[in-house]
Amino acid sequence: MHSNSFKLIFLCTLVILFNFPTTKAQESHDYLNQMCSESEIPANSTYEKNLRTLFSSLSSKATAKTFFYDTVVGRNSFDTVYGMFMCRGDVPSQLCGQCVVNATHTRDSEPGCSRSIWDVIWYEECMVRYSNVPFYSKVATHPFCYKWSLANISYNPESFMSLLYNTMNHTAHEAAISGNMYSTKQANYSNSETLYCLAQCTQDLSPQNCTACLTQAIEYLPNCCEGKQGGRVLFPSCNIRYELYPFFRNVTDEALPEGIVPETKYSHTDSEYSEDPGYISHNCSTDQIINDTAFESNLKTLFSDLTSNATSGNRNSKRAGAGTLQGFFTCRVDLSRTLCGECVQNATEKIFSACGLAAEGVIWYNHCWLRYSNRSFAMETSPSYVDLNVTDTYNQVQYSSHALTLISNKLAAMADGTGQILDKYQSGTLILNNKQRVYILAQCALDLSSEDCGACLSDMVGSAIPWTRLGTLGGRVLYPTCILRFELFQFYDLIPTTAITHPLLLAPASGKGRSRTIILILTSAIIVLGVLFTFCYYLIRRKARNNKTILRENFGHESSTIESLQFNLPTIVAATNNFSYENKIGKGGFGEVYKGILSDERPIAVKRLSRTSKQDTKLEKILTWSERHKIIEGIARGILYLHEYSRLKIIHRDLKPSNVLLDKNMNPKISDFGLAKIVELDQQEGSTNRIIGTYGFMAPEYAMFGQFSEKSDVYSFGVMVLEIISGKKNISSYEPRRVVDDGLLKFSFQSCLGRLAIAENKGGWSALSNHSLEYLVIRNDELVFVIPACV
């Protein structure tokens, strides 16, 4: 039910997204922050009316080619509103007006600030502020906010910060003495990196007050942005910003990006980089593993697993391991599954041939990339492959700085946003002029966190692209865990993305006919959206109601325990007609599945274990202590991965021995995620009014109050450890009523700590061990201490 409902919701969301104007996408990128008072305006008060008059006045002035404006509305001290807007010094008048209008609308649409007495709204291109007390000519550094780049300075951060402070201080000084209180500067940091700085004050400040405000903003940089490739500090009276890409326009350049932007010309076609179609580049470590048959075997096994995963239809693979090796592949999301499988197969063959027994390697194709290593790895920027047309000298770009600013800001926005997308893939377009548009693709390895994905792509925009030496437009940057490409031709298949048109390049509307057309289109779109949304909501509700009714009729309330669904063998034999061939409906890895009809006419499915399933109460294997310790460690690593390292933070809620599968090497695999909960990465706990799980393994706070967290899984792990080292069942798992008394805790603590004291008096831990075991290793002392810490 959840899967079908999700598909319906996703379909409706797609339809809604495609029917919204493209300018909405840009507004979300322009918005920075909003800070407002907790004190609210009385409804229908004079102050509220004056505030609306103020907003109307600010919007009118902004659209009339004014870049800074302050005014007062009201006659009495208790209902007077003081307001101001300021646009960034490089912003064209049309974009300034649009930004101020958006900011005033943001205040009305934000639930927490819609009735606040004072408010400050920051956008990329402007700032709007109002208050019930006068603030003109006064330095205001509160409220404030700061933002920083996800990417770090990769080398010599001390030298970078020294250059930053020096350049920013010069920028602040020039802003304080300039007519519009605005200044920008740039400084070369390395052969490929240029530092861009911006400082601005509101024009009601004196030069001395502007200097004081900007000085305090610069002093905030170590708190937010130490060692970062970009950052900004926003005060009501001033702001500063720095990046390693050209985020501001050159006010001395032409008003609009004119002319054709020169395109990068390749000496090869897009799919033929060498004799191996689609191949781009590879990198092998110099560390060679010599005369190690185990390493070679593990490497072949790893490549075989990755190829099998790709050819079976997966477009990406999380970390796969073989021995001490681990690796992954990622295919472009716009590819078919067949092309993905072919690409990964070619990549494994190519890298094995090229790298031999290198300890680690990475290979890039047009359609996929693959990496392996004998060490653990996360987000890394080296080795890399850069294919750009770079000139020999600085500032020799052959096209408008406005075009360069548009492109760099678009790439930076996509770098920040790709990590928030489920499949870590994003494509988009940027219209440059009437004849050209830029096609952009950004993608990260699926197991990267949202922050690491953003850091990986942001490092490309700031460090890998030499913006002052970019001769022509087009190229790609490839890292081991992310890729970025931009061209003036379409190099990917179109998937649901939105083309962002810059407001400067929109043709102005004119004529009544055009207005009527726009109104007709908007009205039709709203009606269609309303009908589609209502229909989707009806389907979801009907589906949910039908499924819930079926489940309740057949199995009762959802919180029923698993034990109530257990049957004895004669009942199952009668229901399946003695496991007749006619009742057989399938076959799995552990046996055949039969359809059965109970005496009350309820249908059931029964799996009959085969003789080769290696499950038998008479032929069961006695696990040694080393095997048990290995299983416990593996379960712990699995839980840690779900809680800390998974792309989605998962709380299992039903950890127990029967939900842990063992392979032939006794490696544990956590299974059965039917009751699992996906929570936010920073969410510490959750709650539910339906208690579902296995008694005896549920934490008391979950069993009694429905409160679950990471500690719930840790509690279950402690009970499992107790069962594994004692060789005994937790009796509470078969007695649901004991969960409300001391049965669970009594078993966990008295059977562990109580026997611990007895074992100490007897000089060993044998009292806790399975009597069929012949020896005991010292590490089980650690496990005995783990149990009370968990439960």
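Placed from the backbone N, Cα and C atoms, the Cβ positions cover glycine too.
In TrEMBL this protein carries:
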type     : residues : note
BINDING  : LYS607   : ATP binding site
DOMAIN   : 29-135   : domain 'Gnk2-homologous'
DOMAIN   : 141-247  : domain 'Gnk2-homologous'
DOMAIN   : 277-377  : domain 'Gnk2-homologous'
DOMAIN   : 381-491  : domain 'Gnk2-homologous'
DOMAIN   : 504-791  : domain 'Protein kinase'
SIGNAL   : 1-25     : signal peptide
TRANSMEM : 518-540  : transmembrane segment
Secondary structure content of the domain 'Gnk2-homologous' (277-377), with strand meaning DSSP E or B: 38 helix, 31 strand, 32 coil
The domain 'Gnk2-homologous' (381-491) - residue tally per DSSP class, helix then strand then coil: 36 helix, 36 strand, 39 coil
The domain 'Gnk2-homologous' (141-247) - residue tally per DSSP class, helix then strand then coil: 39 helix, 31 strand, 37 coil
